[in-house]
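Okay, so here's the structure we're looking at.
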């Protein structure tokens, strides 16, 4: 039995570490998963150079959800930089969950699939809050606002914008964050949450970026440069090191130019409003 799925990366509007409320939007960088199930002993991951604990746990969790006992192998291919703050773990988890469901020939509610991936991420130790907001953005597309403690989707909108991403050379894993330092700023995070609920996503992400740059001792300079170049909003994505800016055709070029002096990799993308897709083997078919 073989199944495929493709899910998307995401960028931050509000990081949920401070107050368990989160917001994020899908971006047009993809992760595809292939799951092959058989009667062998246990599930193994096969992704060169990447820890496969998370995706293996996702497959095992789906099998448990349907009360089935199979072994097999799970593989992923991705366009999303790892440990950058662009939700590579959420995309991998979502793709692995849906590919397993596809292999089984079953159906599953999208939010139930998200929750399976979130539990797997917590078990694998790759997240502080469960990253329910990131997982919803990756799975559902558009921009979402969530209560990560209750694992409840509060709001979803479509958001039509181009995105510029700055990915510094370093990597940073969410499990290494100073949680107490972030939670000391929860009152400001509450204000960002209200902005997101009211639909001011660009303003919310900018304030979020300034807040978390302070908490995580990261430079706000990319945010300031992006705003000066005409971006509608800019932020540190997740716990970094990546930054994201919402732009149009004109300001996108200007943000790229402004960021070009900072080093690192710059990617042009777009907000992804489509949901993750079961049965889609995009990156395997494209040979990426």
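Using the three backbone atoms N, Cα and C, a Cβ is placed for every residue, glycine included.
Mapped onto three states, the DSSP output places residue 89 (ATP binding site) in helix. Per Swiss-Prot, ATP binding site is recorded for 81, 82, 83, 84, 85, 86, 87, 88, 89, 90, 91, and the stated evidence type is sequence analysis.
Cβ-based crowding with a 10 Å cutoff singles out 91 as the top-ranked of the binding-site residues 83, 91. When the binding-site residues 81, 85 are scored by other C-beta atoms within 10 Å, 85 scores highest. Excluding the listed site residues 81, 82, 83, 84, 85, 86, 87, 88, 89, 90, 91, the same chain places 9, 80, 238 with Cβ atoms within 8 Å of the centre of the ATP site Cβ atoms.
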